[in-house]
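Enquirer: The following feature annotations were taken from TrEMBL:
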type    : residues               : note
DOMAIN  : 12-204                 : domain 'Photolyase/cryptochrome alpha/beta'
REGION  : 75-94                  : region 'Disordered'
BINDING : Asp491, Tyr492, Asp493 : FAD binding site
Amino acid sequence: MSNNEKTEKILIYIGNTVRRELRLTDNPILHHISELLSKNRTPFTHLLPIYVFPARQIEISGFLSPNTNTSDGAVSDTAIASLPKPPSEVESPYPPARSVVGQFHRCGPHRARFWAESVWDFKSSLETVGSGLAIRVGRIDDILEYVLDYFKSGKGNSASVRCEVVGVWITAEEGVAEKTDERNVFRVAGMKGVNVRTWKDEKFLVDDRDLTYMTPKEIPDTFSEFKKAVGPLRDAPRKPLPPPDMLPPLPTRVPPQPNPFIVPNSLEGWVYGLLKPLEEDPMAMVTPPYSIGARSQHTYHGGEAYALEHLRNIIGSGRITAFKDPRRGIIGEDCGTKLAAWLALGCVTARQVHEYLLDFEGGKTRLGQYAKGYGEGENKGTAGIRLELLWRDYLRLCSRKYGCKLFRLEGFKGEIDRQWKHADDIDIKQQVQRFMGGNTGNPIIDAILREMYLTGYTSYRGRDVVAKYFSKQLGIDWRIGAEWFEYCLVDYDVSEFWGNWQYCAGVGNDPSWEVPPVKIGEVPEMYVKQWASDDSI
Ligand SMILES: Cc1cc2nc3c(=O)[nH]c(=O)nc-3n(C[C@H](O)[C@H](O)[C@H](O)COP(=O)(O)OP(=O)(O)OC[C@H]3O[C@@H](n4cnc5c(N)ncnc54)[C@H](O)[C@@H]3O)c2cc1C
């Protein structure tokens, strides 16, 4: 080592969709690094944040390329747009991201776009605090192995720089696939002699450290019991963490995207690459386009900045005070906060939402000062939002308790006596196809299905009605309906999604979960007219 040679001690902060931490604020890892930095106590000089779009969950074949990658793993925008269709001999090392039973794409266009926007926004935010983000596609452990080998083999070195990876940090998450990813990260890092540290997932309302359950078995089977154990909800959450002031820089050389993929360096390039395989699939055209005059309830852009702007808007306008029980309302601005997609990707945390509500209720900031309910303490609307957020916590804990039962036909309950119809029967297959196309002939069901397909969103009530129609009325294997929802929804979140579906299908753990059926007049005629097919009205 020459006298002038510097050593870059690199910490890798790695995540993928299941490590959903796409924000600077209330991010425990980034907060900790920033604190260490301010005290001059970082045992590393450089930070390499890596985000991996996981091949298992989103179709990444739009990034396959016969060309070898460039030195930094990124190509220009125009380059990705003009990439020739990969010749058939360029094969992905990963199977297509399709669902298990129905073989649908797991992630449809609404979520793919929102997801790309959120990752890109995170990259921009990291750049404002002196860092950056390497965005990659593949499997988290494959990418990690490639990166560790890159540095170990000296590819990151130059005449004056020597690189050494000193650790890998990752946030622990619930879920079977999530745990497998985590184990694989440990395995790869262990093989290469690098330490991994996992961090607690803090994007929920009530912190794990404040719950009294020693083992997952102790998690209660009813929400009401769980709620009681949490105590007064308004006092339960911890304070959100501030964003980092500054972060260590990226290493001088960032390992590129491994072959056979090539990744873009603009948001448009990412959106293009993620949507391309979906657009080439005939499933993208299952239902007619928007009806004239139809408007989406969900027109939002992914990313932390947009999440916070939306949150401030609904507080400033007083919409949170008017928040209605989502188990009853089916459409409208005050029917739901529309925060779910941001929460699902970790662009914002539940305790940040809670903190904003506290400020509004206590009149602590000027936000919402002219709105109804400002400074008047907790109201029905704000309490309702907290309760919904607690449901989210609860279903995540159910995932912890029941593991892979989350995805099983017999559910948490182990309901083995029920007879389900399966799509290997031609009539059932056709029924499923009509369902996907919003052509069941039932105007409310069709309106909801079309809304969800065309916009990526429908209310809790809409989801509940359709999920019950599919599983209870049609009696078809509920996982097929669920997989179709997974393709369509912008806010898919593993525990919330499968947990809710289980309840709708009647295989969930909580016997008290029953939402009243839709009443005549509850669904505005206008809504049905906007979304349902003319011939089914
Ligand atoms: C079949 C079915 C599938 C669903 N899939 C999902 C999903 O993939 N992701 C998801 O976040 N929610 C899911 N939900 C729950 C709920 O429908 C959505 O959270 C809600 O409609 C999102 O709109 P919002 O942000 O306006 O919610 P709000 O009503 O404003 O609620 C605030 C937040 O609380 C959480 N929340 C609300 N209701 C529930 C619930 N029942 N269970 C768990 N968390 C809840 C969400 O994070 C939501 O953003 C599903 C419900 C059903 C019946």
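Note that Cβ sites are derived from N, Cα and C of the backbone, with glycine treated the same way.
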Enquirer: Is it possible to get the count of other C-beta atoms within 10 angstroms of the C-beta of Asp493 (FAD binding site)?
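Expert: Within a 10 Å radius of the Cβ of Asp493 (FAD binding site) lie 20 other Cβ atoms.
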Enquirer: Which residues in the same chain, at least 6 apart in sequence, have a Cβ under 8 Å from the Cβ of Asp491 (FAD binding site)?
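Expert: Expected: Arg111, Ala340, Ala341, Leu343, Ala344, Gly456, Tyr457.
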Enquirer: Centre the Cβ atoms of Asp491, Tyr492, Asp493, go out 8 Å, and tell me which other residues of that chain have a Cβ in range of the FAD site.
Expert: Arg111, Ala340, Ala341, Ala344, Leu489, Val490, Val494, Glu496, Phe497
Enquirer: Return the count of C-beta atoms lying within 10 angstroms of the C-beta of Tyr492 (FAD binding site), excluding that atom itself.
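Expert: Its Cβ has 25 other Cβ atoms within 10 Å.
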Enquirer: On the 0 to 100 scale, where does the mean pLDDT of the domain 'Photolyase/cryptochrome alpha/beta' (12-204) fall?
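Expert: Averaged over the domain 'Photolyase/cryptochrome alpha/beta' (12-204), per-residue pLDDT gives 87.
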Enquirer: Using DSSP with the three-state reduction, classify Tyr492 (FAD binding site) as helix, strand or coil.
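Expert: Where Tyr492 (FAD binding site) sits, the three-state DSSP reduction gives coil.
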